[in-house]
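Peer 1: What TrEMBL records for this protein is below:
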DOMAIN    B:56-237  domain 'ABC transmembrane type-1'
TRANSMEM  B:12-35  transmembrane segment
TRANSMEM  B:55-80  transmembrane segment
TRANSMEM  B:92-119  transmembrane segment
TRANSMEM  B:125-151  transmembrane segment
TRANSMEM  B:172-198  transmembrane segment
TRANSMEM  B:218-240  transmembrane segment
Amino acid sequence: MIKFENVTKKYPNTKNSAVNNLNLEINEGEICMLVGPSGCGKTTTMKMVNRLIEPTSGNIYIDGENIMAHNPVDLRRNIGYVIQNIGLFPHMTIAENIATVPKEKKWDKERIDKRVDELLELMELNPEVYRNRRPSDLSGGQRQRVGVARALAADPPVMLMDEPFGALDPITRSKLQNEFLRLQEKIRKTIIFVTHDIDEAIKMGDKIVVVKNGKIVQQGTPDDILSNPADEFVENLIGGNRSIKRLNLVTCSEIMHDTFSVKMDTPLDAARTIMLENGLKTIALTGQNNKLIGYAELKDMEGKTGMSGDYKKEMEVTVDERMSLNDALSEMLRIGQRYIYVADERDNLRGWIGINDILNAVSIND
Amino acid sequence: MTDSGNVKKRKPVIKAVLIPLVLIFIGLSYTFYVINYPQDKIVADFVSYSKVFSLLKQHIVLVLVSATAAVLVSVPLGIFLTRPKFKGLANIFISIVNMGQTIPSLAILALFVSVLGIGFKSAVFALWIYSLLPILNNTLVGITGVDRYVMEAATGMGMNPVRILTKIELPIAFPVIMAGIRTAATVNIGTATLAAFIGAGGLGDLIIAGNNINRWQIVILGALLSALLAILADYLMALFEKA
């Protein structure tokens with residue numbers, strides 16, 4: 001999909017090239033993380049794709065076509081662009097901001113309005129509320145959601161993302177990362193994502209490209225990079241706690257167990273039977289559509305009658321099935337529990353994970 | 001929660017009309033007072049409604065012509081100087097126009113008399129020179145002040161330079177440019193009183209004549225009307241800016 005061929009960028013009056021004879025191929029629908037310290041040439045590499053920076057020599061191809069064959073303005077309209085500082089237009093409403101590229105492409109108004117609402121919903125921003133707001137009315141996380149929506153507006157096949165979540169607080173960052181991964185499953189864009197944060201690279205990337213002094217030091221899947229760092233530089237970049245980082249590679253849905261649950265109105269006897277047969281001390285309570293409501297403990301049910309729901313205890317914490325084991329483990333540590341229930345985005349019960357499952361998942365490969 | 005933007009706009013309509021009316025009322029009242037209750041015969045002979053209004057008209061024309069010409073030159077020049085190709089030129093131009101600003105206004109008027117002769121033309125030209133800098137300066141500051149990430153996003157999304165100028169740079173810089181125009185216009189209205197010295201008329205006639213014949217009523221009439229005019233002009237432009 002995107003191919004760099006012997007690409008070099010040398011700025012005038014500098015001794016070393018910012019990007020030095022770089023060769024790289026990125027497959028369609030893949031998130032390629034360019035990671036490295038600041039000044040390593042990762043941003044320069046990315047900006048050459050939409051010709052914000054022109055290479056000194058070498059060629060870049062998108063879908064087999066040399067990007068230099070296109071007018072830069074046309075080229076850029078087909079490449080989504082998201083930057084750390086977002087750069088929302090302060091004098092325009094959220095809807096106008098998102099409509100930027102469709103307007104440049106001269107879509108008709110109806111189609112633009114429809115697309116804007118669709119994207120706002122995709123970003124979990126209620127169109128009725130946010131359509132006519134200004135960027136200054138929004139929080140940092142909401143602004144970056146709008147930034148992503150704006151980049152997606154004309155449905156470009158390729159996206160360039162320059163530390164898009166870098167300026168957000170850790171909680172918002174993690175939330176937006178998860179949301180973006182979920183989104184990417186639907187939209188399958190080919191993405192070049194620049195970051196200096198190796199954890200982000202491991203979490204987000206299908207492929208990680210480690211860049212140093214304008215050269216690729218190592219490229220591979222997150223697992224490759226974590227298991228076999230090419231040299232000391234990559235090892236230092238990853239840091240000492242490789243196993244803990246591997247927690248970011250596995251999502252809860254990959255290792256969770258099926259769980260037993262009963263409806264709120266299941267008679268207590270039935271619930272107790274299930275628990276005794278399976279040796280359970282607790283059981284999840286669900287409402288309609290398998291929606292998780294709470295749980296009940298066997299010790300509360302001893303010698304009682306009625307509905308299971310009568311002995312409901314509030315579920316304090318669940319994890320989303322798409323969250324990483326790192327998130328699950330930290331929740332378990334926080335509440336001091338050896339297991340945690342897993343739910344999907346609509347709070348439907350999906351399964352559970354025990355602390356031993358996490359240990360097993362991380363230590364398999366070593 | 002929703003659409004707070006739409007509610008805000010309505011209320012000030014009454015205020016928008018009221019303030020100009022009050023200003024006009026003050027001006028008319030004082031003119032009425034001077035004409036009907038003159039200090040003495042000399043004032044009574046000197047002042048008439050038709051005279052005051054023709055001077056006021058002259059004053060307005062002087063200001064309008066010079067300020068409009070200044071906008072027409074400074075804004076395009078400012079846009080031109082902020083194009084990436086000409087970035088280096090901006091500072092040079094600012095210094096040149098700045099130097100123009102350091103010459104006392106009276107001296108500028110006098111200087112142009114020797115070139116363009118006495119009267120309207122010289123006055124307009126001098127006032128024009130005087131208005132250039134605040135507008136040019138604010139145009140440059142306004143456009144270069146546009147957040148560079150906003151510019152990067154606009155470029156990166158495939159807006160062409162003309163669209164970036166008209167849809168991003170100018171709308172964002174507009175309040176700053178307008179502030180420059182307002183400053184220029186209000187200063188201009190004050191400075192235009194000096195035009196009377198070179199025979200270009202305007203409200204300055206009242207001030208100079210009143211001073212020469214030592215009649216405070218006339219001096220105050222000229223000063224008050226030009227001050228009210230400046231406030232009114234600034235107010236109307238602020239209104240236009242918000243609309």
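Any Cβ shown, glycine's included, is placed from N, Cα and C.
Map these features onto the structure and tell me what's around them.
Peer 2: Remote same-chain residues near the transmembrane segment (B:55-80) are listed as 86, 93, 120, 123-125, 127-128, 130-133, 135-136, 138-140, 142-143, 165, 170, 177, 180-181, 184-185, 188-189, 192-193, 195, 200-206, 222, 225-226, 229, 233 (criterion: CB distance under 8 Å, separation of at least six residues from the stretch ends).
Long-range Cβ contacts of the transmembrane segment (B:125-151) within its own chain (Cβ-Cβ under 8 Å, at least 6 residues beyond either end) map to 62-63, 66-67, 69-71, 73-75, 77-79, 81-82, 90, 93-94, 97-98, 100-101, 105, 108-109, 111-112, 116, 164, 168-170, 172-177, 179-181, 183-185, 187-188, 191-192, 195.
Within its own chain, the transmembrane segment (B:172-198) is flanked in space by residues 59, 62-63, 66-67, 70-71, 74-75, 78, 105-106, 109-110, 113, 118-119, 122-123, 126-127, 130-132, 134-139, 141-143, 145-146, 150, 204-205, 207-208, 222-223, 226-227, 229-230, 233-234, 237-238, 240-241, which lie at least six positions past its ends and keep a Cβ under 8 Å from the stretch.
Here the transmembrane segment (B:218-240) has Cβ contacts under 8 Å with residues 16, 19-20, 23-24, 26-27, 30-31, 34, 43, 46-47, 52, 55-56, 59-60, 63, 178, 181-182, 185-186, 189-190, 192-193, 203-207, 209-211 of the same chain, all six or more residues outside its ends.
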